[in-house]
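Here's the structure, in structure tokens; my notes come after.
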Amino acid sequence: MHQPAIMQRALAVVALLAAAAAIAAAQGESPELLPFAVGAAPEGCDVGEGEWVFDEAARPWYAEEECPYIQPDLTCQAHGRPDAAYQRWRWQPRDCSLPSFNATGMLEMLRGKRMLFVGDSLLRGQYTSLLCLLHRGAPGGGGGSRSFETVDSLSIFRAKDYDATIEFYWAPMLAESNSDGAAVPDDRLIRGAPMNKHSSFWKGADVLVFNSYLWWMTGDKIQILRGADEDMSKDIVEMEAAEAYRLVLHQVTRWLEGNVDPKSARVFFVTASPSHAGAGGECYDQTTPVGAADAASYCGSTSRRMVQVAGEVLGASRVPVGVVNVTRMSELRRDAHTQVYREQRWAKPTAEQLAADPRSYADCTHWCLPGVPDAWNELLYWKLFFPARDEAI
């Protein structure tokens, strides 16, 4: 290995440890650390509460065109978005500051490890954001040192010089469902048990990050297939979405308790990403976040009931599940969705249709990259390396 590369990696780890030392100095004696942790977060720091600060000097972390991993439905600049200010907002927690994202340091901490994201297209956006952050902050050494492939439901990024993989597994409802394929069914049907099909891909992950919210929010009841019928059509009962969600999250926690060792692995749940798809496309033509004067009274569309269910079930897990709370911060960012500036995969309007009624074609659910998911990864980075003291083992 070349001497400059060794020095760069050493400095990256030193930077992480220096950040940990600064926090520890203010906190006194440190608790026993969780896997991957290098320090503990300051007491009373809720990184999910704060404000968006315009920071043209430090944001974005990377340019859209320089990241090879972004899907066409998230490349807003390439699809003609006329403004770019949505890329330049930095999340500032109310009572503390986030450490600077250190790409090389993160890869060093993941050396020889497997990090896996499991969930829906919103989590895939966060996964893609992380790959972009690592690509920009820790360029590969050439000679095929990085690779990326997608086979069916699994995407794998390999950082070969670190012997590390960062993966995404598509399971929008976590349990096996009729939403696992490319089609978007009108009704949601999930298998009540077991979780063998999906969870067989999850085993062995050293860092597991999962989410599930969007695909539950149809307004209709969820169909539950009981037993092991292969054609997904027999012995079906219906449940309210929140209770079906509870059922599946209980399955997930049981799987975690039987398959994850909290002394060597970490688990995180990313909270609901809000949609701003109100009547007439609430996000269309928005160019700034919800202002500070309106933020206190602004109430997003996120289902508080679903959030409550997730908190109750995951909070009772015997395997600690770190919560990455992105809901409130994202509710304030109605400006940062892909709107009409994306590849139109499903309903493909003509140019005339789009010009006549752009609001009806606006995607007010997914996020442009670079953008809001980068801030989610800053929170994940914080949680992974600087967990709260009450999360210590």
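Every residue gets a Cβ built from N, Cα and C, even glycine.
Per Swiss-Prot, active site, nucleophile is recorded for SER121. The number of other Cβ atoms within 10 Å of the Cβ belonging to SER121 (active site, nucleophile), over all protein chains shown, comes to 16.
Residues or ranges marked as active site, proton donor in Swiss-Prot: ASP363. Proximity of ASP363 (active site, proton donor) to non-local residues of its own chain (separation of 6 or more, Cβ distance below 8 Å) is seen for ASP73, HIS337, THR338, GLN339, VAL340, ARG342, given in sequence order. Under the three-state DSSP scheme, ASP363 (active site, proton donor) falls in the strand class.
According to Swiss-Prot, the active site, proton acceptor annotation covers HIS366. Of all Cβ atoms in the shown protein chains, 24 besides its own fall within 10 Å of the Cβ of HIS366 (active site, proton acceptor).
The annotation disulfide bond is assigned in Swiss-Prot to CYS45-CYS96 (among others). Counting only same-chain residues at least 6 apart in sequence, those with a Cβ under 8 Å from the Cβ of CYS96 (disulfide bond) are ALA41, PRO42, GLY44, CYS45, VAL47.
DSSP classifies CYS132 (disulfide bond) as helix under the three-state reduction. If you look up Swiss-Prot, you'll see CYS67-CYS132 (among others) marked as disulfide bond, on the strength of similarity to another entry.
Summarising the annotation, Swiss-Prot assigns disulfide bond to CYS76-CYS368 (among others) and lists similarity to another entry as the type of evidence. With a cut-off of 8 Å between CB atoms and residues at least 6 apart in sequence, the same chain places GLU64, THR338, GLN339, TYR341, ARG342, CYS368, LEU369 near CYS76 (disulfide bond), listed in sequence order.
Under the heading disulfide bond, Swiss-Prot lists CYS283-CYS364 (among others), citing similarity to another entry as support. Using a 10 Å radius centred on the Cβ of CYS364 (disulfide bond) and all shown protein chains, the other Cβ atoms total 20.
Here the motif 'DXXH motif' (363-366) has long-range neighbours at 73-74, 121-122, 125, 214, 273, 275-278, 281-284, 334, 337-340, 342, meaning same-chain residues at least 6 beyond its ends whose C-beta is under 8 angstroms from one of its own. Annotated motif 'DXXH motif' per Swiss-Prot: 363-366, in sequence order, evidence recorded as a curator's inference.
The topological domain 'Lumenal' feature in Swiss-Prot is assigned to 27-393; the stated evidence is a curator's inference.
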What recorded positions in the list CYS67, CYS132, CYS283, CYS364, HIS366 lie within 10 angstroms of SER121 (active site, nucleophile), counting C-alpha atoms?
HIS366
Applying a 10 Å Cβ distance cut-off over all chains shown, what neighbour count does CYS132 (disulfide bond) have?
26
Which secondary structure state does DSSP assign to CYS283 (disulfide bond), in the simple three-class scheme?
coil
Which chain-mates of CYS67 (disulfide bond) that are at least 6 residues away have a CB under 8 A from its CB, listed by sequence?
THR128, LEU131, CYS132, HIS135, ARG136, LEU369, PRO370
Across all chains shown, how many C-beta atoms besides its own are within 10 angstroms of the C-beta of CYS283 (disulfide bond)?
21
